[in-house]
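Below is one structure, written out as structure tokens; comments come after it.
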Amino acid sequence: MPNYALVAVIVGYLTMLFGLGIWAEKKSSSRWVHNPWVYALSLAVYCSAWTYYGSVGIAATKGISFLTTYLGPVVALPLWIIVLKRVVLISKQYQVSSIADFMSLRYGNNRSIGALVTGICVIAVLPYIALQLKAVSETFSILSTGQESQSLFTDSTFYIAILLAIFVALFGTRTVDASQGRSGLVFTVAVESLIKLVFFLIIGIYTTFYLFDGTIDIYNKMEDIKGFEKLITFQNIESTINWYFMIALSFFAIFLLPRQFQVSVIENTSASHLKKASWVFPLYLLLFNVFVIFIAWAGKLLLSEDLNPDYYTLYLPLEHGEKLLGLIVFLGGLSSVISMVVVSTLALSTMISNNLILPYGFLKALNDKNPKRNARRIKNIRRIVIFTLIIGAYFFYLNFNIELSLFSIGLIAFVIIAQLAPAFFIGLFWNRGSALAAKTGIISGFFIAFYTLILPFIADVFLKDSNFTSAGPFGIEMLKPYQLLGLNFMPPVTHAFFWSMVFNVMFYMIFSVLKKGNYRERNYAEMVVNAASYGALQENAFVWKGQANKSDIENVLTRFLGEKRTKRALDIFFRKYKIDPKQEQGDARLVNFSEKLLTGSIGAASAKLMIGSVVKEQPVTLVEVLKILEENKETIHANKKLQQQSYDLKRLTKNLQDANNKLIEQDKQKDDFLDTVAHELKTPTASIRAASEVIADSDDMPIELKQKFLNNIVKDADRLSILINNILDLEKLSSGREIMNKTENSLKMTIHKAKDGIYQLALKKGVDVEIRIVEDINLMYDEDRILQVFTNLLSNSLKFVPEKNGKIIINSKIDGEFVVLSFEDNGKGIPIEDIDYVFDKFYQSNNQTIKKPLGSGIGLAISKHIIESHNGIIYIDRQFVNGARFIIKLRIT
Amino acid sequence: MKKLLIVDDEPNIVMSLEYAFKKQGYLVFIARDGSEAIKIIDDELPDLVVLDIMMPKVDGYETITTLKKNPKFNDIKVIFLSAKSKTKNIEKGLRLGADLYFTKPFSVKKLIIAVNDLLKN
Amino acid sequence: MKKRHQQKLVILAIGLVILLNVPIIVIFNIPKAVFGIPVLYTYLFVVWFFSIIITYIIIKRHA
């Protein structure tokens, strides 16, 4: 077929695709364009010229290993829904436009990760695109009858490359938002997928059933060929290990190749499409592979040995004079090339513009407020990148096309792309993975892959120096690039994959564990790892999700604003929004309002934090705070500030946490006090009630017993009323509402009054109470209150001194401007660990395992309040060991 | 004659309960705290224990825990009688294996009915 | 998608890793053919085919 005719066919075919794309774009919501089949078929962009031509080449020369490229995805597809659903969800929420974008998002919107991933992708994919051009060029020359051209401007491949670039530029850059779906483009990819499959099946059937008499016929004829066994079995255990790693390699590729990420994530229009794809796509791959071996064997049987086995698919019909069938094969191959090149360059151009050019330098140029011009500029950047990429690939092809097969370039691309796998996959499920670790892993892995795979290749091609490969650099055996550390039984690709992954994964894990990422990074990680729970968050118009108890929020506000202000503010709020104040659930408006209210007191970030702690019970989650800060971020400059703030925030969080703990402790104490009071009140009440019930129900009760029960009731009632009085007293004293009725009194007189009050009891117990007053002094005090203190001290002593020879001594002396009173007894004394606490209300000794109030627990607390109201102090003399000695110091004047 | 053990450190309450249950025809034992209670349970193997929670030395929770550990005491019914009236206390009491939980102040009549019921089954 | 269905799919993937790799594939490493398709290929295609069927069933059931 003459050159110009063939070029005309190509142009015609491209035009047809273009028209189809335009049509689909217009009908993007129609059933024909927006459906799961289109999505599933578009995934088949995976099958490039490598599949279409390369598989046959491998099947004819190396045997079964071509299948690994497809078995990886087969293993991956059941996991597809689980992994991709998460990725798709996050990508849609954050307008992710490429895998570089996604990974930089996961590691805290880390710019350098985005750039690094972009770099890795370009290095991997550019040769891969070159390989597609090589396939087009070679099939073109097989099919055409024209002269092989040596000059650039007459080389048809160059024009095909330019045509493809125009095609991508037209379709890929229609909108600025690269995360938007391009339904037209996806539709053409799906159509091409269908075309290449159908055409490949046609040639498969033609070969198997027209050229031969079915599969058994081919097999029987092949059995006579030397080395056939090598093609259908594994020869040794090494090749099975190789098999295993190759499957792992393609497993990663199906997720990570930029073009796969583009079609499966970015162009995904509905998460439900994933379901159909997860069985349609492996079926597609299966159909594609069924005839590969028969075409390969037919080629071996029928074609001359010096023809390139990669193109048996094309040679077979041509050698049998089937020109039309040959053209069909060519178009099928062209389809696989076009879709691969188009999607890859599109994905790469987006990455390069969004993750390299824009953030590193070009962002400033976009700062003026002219959205239209900015959009045009971004589009132009992308278009230039697209052309640069395709022309770059073309030159790569020109320089490297010598000996590499389709298969090996493809595999090198896979190994390089696989360097993203640890940071991508582990990062999806492990929130500890950090940006630093990701970078270290990727770079070290890439370095190893470069050294063990690319460097020897460059050395061979450019330096024509095979010493480097066969003897190692400087003759060091251990560093031989294909046999690192003497690992000598793996083929180069597997070997490189193995070592690079070992270093990549280990560095990633170790660095992640060694050094925590900053808070911002951790929060993004949290967001990705727990994508499911954050999904709902975004669907709310508010940056807040979950349920908040109104009373909880109120508590927080009260802590910082006080009760009065809180109540007033909430009243206004409820009236303003016409909300029923009795409603228990707070909504987003209340949360926002409370935050604003608090902001004045503790700053925006911590306000968010405090409210967040009651809303979600997870005070550390700062994603919301972060989002708000993020939205305000205008330039990269803000990043530095953000880091400072993150430090401040941490400190603040700690302070708040401490304050919070203290409050909780106080609350607990308050609760304990109330518990004790309740218990103290309930016990005598229960006793009274029980006794009364018993008396009421027993008419036949003996009179003495009845008397006893009645006495008990009286005692319990007394106990109750004393307790109530004490509690009221304490409440009055501690709130400062009780005013001391101070008059001038004789201290000696008051002490004697106190002694008289307990005299009867002391006499009964046989206790001697002695008063030693050196000199009398008149003081200003509330006599009733002071008397209450003295009586309390005396009756406590009475309780603890031994019967018969108990002794209580009251001493008084003047020490400078103080009167010092001491009340000492020869009782059992106060345990040293209790001394600090006996003045606390209802304090009960710790060495009693059980908290059981004795009813007097409140007396010392009251005494302390009274003495303090007189500007005095009361304490226990720790030196005194023969009993207890209480000291009261009152100021003279 | 069914045996009943009342464990409480409030003598007045104990007195009322002792009188009321004796009148119902029970053989009544008294303990003032958990350690005493365990001794009596071991010696007398009562059919039912009325147990306070806040007591000196060994409290009611500990007592019932010890009690439930020993399979010998499997059939002994336990009724808590406590001033602790928070849901969490009640839940704890029942979780530890008590059959009923009465809060103080309580009705002697209702307690008697409950005891009779428990011992009938 | 429910957790249980996800678990089924994960188990399927694990099963595929086991079935498609050493040592199990070595069992089929014999230079014979079934209907002109070598045993090793036949085995791989059958596993492949069944994985599609099982995925299809799990997903259909969920829907």
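Here, residue 1 is simply the first one shown, and the rest follow in order.
A Cβ is built for glycine as well, from the same backbone N, Cα and C atoms used for every other residue.
Now, the feature entries from TrEMBL:
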TRANSMEM  A:6-24  transmembrane segment
TRANSMEM  A:36-53  transmembrane segment
TRANSMEM  A:65-84  transmembrane segment
TRANSMEM  A:113-131  transmembrane segment
TRANSMEM  A:184-212  transmembrane segment
TRANSMEM  A:241-258  transmembrane segment
TRANSMEM  A:279-299  transmembrane segment
TRANSMEM  A:324-348  transmembrane segment
TRANSMEM  A:381-400  transmembrane segment
TRANSMEM  A:406-430  transmembrane segment
TRANSMEM  A:442-463  transmembrane segment
TRANSMEM  A:496-514  transmembrane segment
COILED    A:642-669  coiled coil
DOMAIN    A:676-893  domain 'Histidine kinase'
Stretch contact, the transmembrane segment (A:241-258) with the transmembrane segment (A:406-430), Cβ-Cβ under 8 Å, 3+ pairs: yes
Annotated stretches the transmembrane segment (A:324-348) and the transmembrane segment (A:279-299) touching (3 or more Cβ pairs under 8 Å): no
Contact check, the transmembrane segment (A:6-24) vs the transmembrane segment (A:184-212), 3+ Cβ pairs under 8 Å, seq sep 6+: yes
Highest-contact recorded stretch vs the transmembrane segment (A:406-430), from A:65-84, A:113-131, A:279-299, CB pairs under 8 Å: A:113-131
Same-chain residue ranges lying at least 6 outside the transmembrane segment (A:113-131) that approach it to Cβ under 8 Å: 48-50, 98-101, 103-104, 107, 257-259, 340-341, 344-345, 347-348, 351-352, 354-356, 359-360, 389-390, 392-394, 396-397, 400-401, 404, 406, 409-410, 412-414, 416-417, 419-420, 423, 435, 438-439, 442-443, 446
Intrachain neighbours beyond the transmembrane segment (A:184-212), with Cβ under 8 angstroms and 6 or more residues off its ends: 17-18, 20-25, 28, 33, 37-39, 41-45, 47, 52, 171-172, 218, 221, 263, 267, 284, 287-288, 290-292, 294-295, 298, 302, 313, 316-317, 320, 322, 325, 328-329, 331-333, 335-336, 338-339, 342-343, 346
Touch test for the transmembrane segment (A:279-299) and the transmembrane segment (A:442-463), at least 3 Cβ pairs under 8 Å: no
Per-region confidence, the coiled coil (A:642-669) (mean pLDDT, whole number): 68
